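Working notes, beginning with the structure itself.
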Amino acid sequence: MALLRGVFVVAAKRTPFGAYGGLLKDFTATDLSEFAAKAALSAGKVSPETVDSVIMGNVLQSSSDAIYLARHVGLRVGIPKETPALTINRLCGSGFQSIVNGCQEICVKEAEVVLCGGTESMSQAPYCVRTVRFGTKLGSDIKLEDSLWVSLTDQHVQLPIAMTAENLAVKHKISREECDKYALQSQQRWKAANDAGYFNDEMAPIEVKTKKGKQTMQVDEHARPQTTLEQLQKLPPVFKKDGTVTAGNASGIADGAGAVIIASEDAVKKHNFTPLARIVGYFVSGCDPSIMGIGPVPAISGALKKAGLSLKDMDLVEVNEAFAPQYLAVERSLDLDISKTNVNGGAIALGHPLGGSGSRITAHLVHELRRRGGKYAVGSACIGGGQGIAVIIQSTA
């Protein structure tokens, strides 16, 4: 076994994902985490008093209280004030990283039960004004900086993140048509799964205010199931003339959160938890920042090697859909079986709230693996700046 101790998922929940400026825009990332965490504690019958550690992933600290995020989540859901909390940032891998950190704490016996999670309110990313703190001269041309937009450029390689996907399209000879067809597949798979109720077990509904009054939100808002290939083909490339990346085949800017509670084998027995899955192993890898989207390839390969498993052993595979050409490059590099990869759609359909996607993918794999009667699954994400992360789980059903 890749881990030093048995570590089990005893609850896994996520909020519905809201569209940019949509139904969740007035909730902070902390609020969204609170919803997911409360749902996970309830679903797993986990008393807040039994939680030894809180670890939350978050990328854009977009609210005024964001620096306290993990701590406030723990306190809000009733976890004792003596229990420590940690907010982490491994960009798009932050939700996965919270689980990695939690496993590490359990393996070295610093904790027995850990509330992990990831969250993002991209809608609340502020505009900022730099250089004014210490005074400005008369006539200064003060610029507003969009903190969300500028963060989507890797300044080290001077490339918008989407251009790293364009680089992969060139390298792997991926066409615009292939990207649009894949985007359509993501939307269609999401619709089929949503219509069949496959997301129900992972979903933590939220009460939201609308023009019609308060309503319960329990469906991802960003998805566009009515999308057609013809509509996708009409969209202009955004970052490169004759490029492949469009608004229709890239992941959606979104708001949302997930929570995954993990526990040691000893804690499962002591508290009579119902284990949903075992954490088999994980791996984090670096890669060339100019093709950062290829990160899941070394990450998945490394995780499988550590666990003594192969892709053929996996019943489900999830690769976060940052961009269609990025996903397709990973698919080709690993020779993925499309019948068991991103089976219910991905971030192109339902959105990618940066810190929240790893938790969403993990929660989905936990429940989907059980629903299908499968054994192993691997979830992964590329990471801005040139990294990849992967986590392997085994169903206990």
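Glycine residues also receive a Cβ, built from the backbone N, Cα and C atoms like all the rest.
Note that this is a predicted model, so its numbers are computed, not measured.
Listed in Swiss-Prot for this protein:
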type     : residues               : note
MOD_RES  : LYS25                  : N6-acetyllysine
ACT_SITE : CYS92                  : active site, acyl-thioester intermediate
MOD_RES  : THR119                 : phosphothreonine
MOD_RES  : TYR127                 : phosphotyrosine
MOD_RES  : LYS137                 : N6-succinyllysine
MOD_RES  : LYS143                 : N6-acetyllysine
MOD_RES  : LYS171                 : N6-acetyllysine
MOD_RES  : LYS171                 : N6-succinyllysine
MOD_RES  : LYS209                 : N6-succinyllysine
MOD_RES  : LYS211                 : N6-succinyllysine
BINDING  : ARG224, THR227, SER251 : CoA binding site
MOD_RES  : LYS305                 : N6-acetyllysine
MOD_RES  : SER310                 : phosphoserine
MOD_RES  : SER333                 : phosphoserine
SITE     : HIS352                 : site 'Increases nucleophilicity of active site Cys'
ACT_SITE : CYS382                 : active site, proton donor/acceptor
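Closest to SER310 (phosphoserine) in space, going by CA atoms and restricting to the recorded positions CYS92, ARG224, THR227, SER251, CYS382, is CYS382. Within 8 Å of the centroid of the Cβ atoms of ARG224, THR227, SER251, where the record puts CoA, the same chain has further Cβ atoms from ALA183, SER186, GLN187, HIS222, ALA223, GLY248, GLY252, ILE348, ALA349. Taking the Cβ of HIS352 (site 'Increases nucleophilicity of active site Cys') as centre and 10 Å as the limit, one finds 26 other Cβ atoms among all the protein chains shown. Inclusion criterion for the recorded positions CYS92, ARG224, THR227, SER251, CYS382: a C-alpha placed within 10 angstroms of the C-alpha of LYS137 (N6-succinyllysine); this criterion is met by none of them. Looking at LYS143, ARG224, the recorded positions in this record, the fewest other C-beta atoms within 10 angstroms of the C-beta turn up around LYS143. Note on proximity: of the recorded positions LYS25, TYR127, ARG224, THR227, CYS382, the one nearest SER333 (phosphoserine) is CYS382, by Cα distance.
The distance from the Cα of THR119 (phosphothreonine) to the Cα of CYS92 (active site, acyl-thioester intermediate) comes to 10 Å.
Counting other C-beta atoms within 10 Å of each candidate's C-beta, the recorded positions THR119, SER251 are led by THR119.
The two recorded residues, THR227 (CoA binding site) and HIS352 (site 'Increases nucleophilicity of active site Cys'), show a Cα separation of 18 Å. CYS92 (active site, acyl-thioester intermediate): 33 other CB atoms within 10 A of its CB, across all protein chains. Proximity note: of the listed recorded positions (CYS92, ARG224, SER251, CYS382), CYS92, SER251 have a CA within 10 Å of the CA of HIS352 (site 'Increases nucleophilicity of active site Cys'), given in sequence order. Around the Cβ of SER333 (phosphoserine), the number of neighbouring Cβ atoms within 10 Å comes to 16.
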